Amino acid sequence: MSMDGLPPLRDVIERHGLFARKALGQNFLLDLNLTRRIARTAGGLDNATVLEVGPGPGGLTRALLMEGARRVVAIERDERCIAALEEIAAHYPGRLEIVAGDAMKADFAALAGNSGDVKIVANLPYNIGTELLIRWLTPQTWPPFYESMTLMFQREVAERIVAKPGSSHYGRLGVLAGWRTEARIAFDVPPQAFTPPPKVISSVVKIVPRADPLTVEVGRLARTTEAAFGQRRKMLRQSLRSVGGEALLEKAGIDGTRRAETLSVEEFVRLAREI
């Protein structure tokens, strides 16, 4: 038995035939010490509702419950994993809700319900992680329904999330994250911690919404960053032609010979406001 009184994860995986599926972007994290570290990074779980995407056999799910999460809502697309998750639910009566379905189609705010303290904590499937994050960063209304996000990504994606102007990693994702949130890399996780081991290092990122971000319409900022970084090697007067080009830059007071990676979040907001 493991420290939580449940069978070791390797036994659970073998018993239920849960080999990871590449098509679903699965890499199972088996080390309960690491999953508990993720849960502790999220912090303040005692009165929280936690939304978890892609729990798989439930390693992180177990850690969240061990660390005191009042309620965990686990969204799992892989039907093979449901039985393993139901065993965890039986061990923690009334605290784990399993949602069998596609996270890309989920209404996360509705799943959270009227809970005051909502946290998103997940070892996100690699093939949908970035798309989900952008959705969580760009709702029309702000502050969002969640208090924080503690998410695992490939290291390269994590670096893009926290990147600052002038960095080779700085791009659309860094602007969207920097606009409305404070994001930091909490720690790295080596490939050997997973089964099967991925080819890259993973990183856990802690993201906390800003209470009062700069005001701009979401769609305008999205179009501006998409155009600017779609041709990041070109000067802004060329890359931004589709959204206003020289006239837009002049209204925003930004030199058209600059490149996208040199602009601060505040400057991107200025541009977007003028579209």
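Just so it is clear, glycine is given a Cβ too, placed from its N, Cα and C backbone atoms.
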Check your understanding: Need a hand: Swiss-Prot gives N27, L29, G54, E76, N123 for S-adenosyl-L-methionine, which of D11, D46, D102, D107 is also on that list?
Key -> D102
Review point. Does anything in the same chain, at least 6 positions from L29 (S-adenosyl-L-methionine binding site), have a Cβ under 8 Å from its Cβ, and if so what?
Key: T35, G59, L60, N123, M152, V189, A193, F194
Check your understanding: Considering the binding-site residues N27, N123, which residue's Cβ sits among the greatest number of other Cβ atoms within 10 Å?
Key -> N123
Point to revise | Neighbouring C-beta atoms (10 Å sphere around the C-beta of G54 (S-adenosyl-L-methionine binding site)) | key: 25
Revision key, fill the gap. The most crowded of the binding-site residues E76, D102, judged by neighbouring Cβ atoms within 10 Å of its own Cβ, is E76
**Study point:** Where N27 (S-adenosyl-L-methionine binding site) falls in three-state DSSP terms
**Key:** coil
